[in-house]
Amino acid sequence: MSFKPRKRFGQNFLIDDSIIEKIMTAIDPKRTDSIIEIGPGLSALTAPLLDRVDCLIAIEIDKDLSRTLKNRHSSKKLMLIEKDVMDQDFSIFGNNIRIVGNLPYNISSPLLFHLMSVADIVRDQHFMLQKEVVDRMISKPSSKNYGRLSVMLQERYRIEKLFDVPSESFNPKPKVSSSMVRLIPLSDARNKPNDYLLFKKVVLEAFSKRRKTLRNSLKDLSKDIPWCKLKISPESRAEDISVEQFINLSDHFLKNTPIL
Ligand code: SAM
């Protein structure tokens, strides 16, 4: 490879054709799909995607890579946006969009949170991520990886871990293991919090003091929580509380705490 990978942009390029093929099978792109790729890099996923779709949008921060991408692919098929994906407003892309990418691992959690705000226009997302992050995303209550990321993402998406990817499939080899994951937004008809910002605050508060009992960690929000009615033990900890229970808790605060 003549290009020198930049660590600050999380550049670990996919070089394993069998994994690239597995990713294409998982995404199953159709000609007219509106697909947005985050971090096209050296085209490992971009080229096979362009073979399968009429038009592809890709967002790349690295100017040198963007130049190479422009020289390699026709601008009629590849619409390249040269910017930091964290500054990208995804709502301009219309409805029913599909987002894919072998993501830069250094920004994966903030990026997942950034994309949550446009979940209602997204059909699905397919991402390569650090395996440890995927394990946190799919974790269930009372397991060691269950945390704020699990609750916030599971409130919005059905999340499916697809397969693990060995570090030999990349150049340079990442120090961590990787996995492919699929996120499909849940329908608007789901049981969702009445006040999303309050729900976010309750989850944040509970997990920022995760070793404390809920009675202690949430006492600043309200001292008068009907634990029994909410079917939650005040002695439990954030890591034991399901998404459903967090929704019930935040809806209780909404009704019973005038100013937060
Ligand atoms: N898709 C290529 C592949 O699979 O080989 C490259 C994946 S590499 C793990 C991550 C890519 O995201 C790189 O091309 C990197 O330059 C780009 N990138 C990193 N940070 C970014 C950001 N904030 N916004 C947009 N692209 C970014």
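From the backbone N, Cα and C atoms, a Cβ is placed for every residue, glycine too.
Taken from TrEMBL as is:
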BINDING   ASN12, LEU14, GLY39, GLU60, ASP84, ASN102  S-adenosyl-L-methionine binding site
DOMAIN    19-187  domain 'Ribosomal RNA adenine methylase transferase N-terminal'
Hey, what's the widest CA-to-CA gap across ASN12, LEU14, GLY39, GLU60, ASP84, ASN102, the S-adenosyl-L-methionine contacts in the record, in Å?
21
Under a criterion of Cβ-Cβ distance under 8 Å and sequence separation of at least 6, what residues of the same chain contact GLY39 (S-adenosyl-L-methionine binding site)?
PHE9, GLY10, ILE59, GLU60, ILE61, VAL85, GLY101, ASN102, LEU103, PRO104
Please classify the secondary structure at GLY39 (S-adenosyl-L-methionine binding site) using three-state DSSP.
coil
Sparsest-packed of the listed binding-site residues (ASN12, ASN102) - C-beta count within 10 angstroms:
ASN12
Give me the long-range Cβ neighbours of LEU14 (S-adenosyl-L-methionine binding site): same chain, 6+ apart, Cβ under 8 Å, in sequence order.
ILE20, ALA44, LEU45, ASN102, MET128, SER169, PHE170
Would you identify which of the binding-site residues GLU60, ASP84 has the most other C-beta atoms lying within 10 angstroms of its C-beta?
GLU60
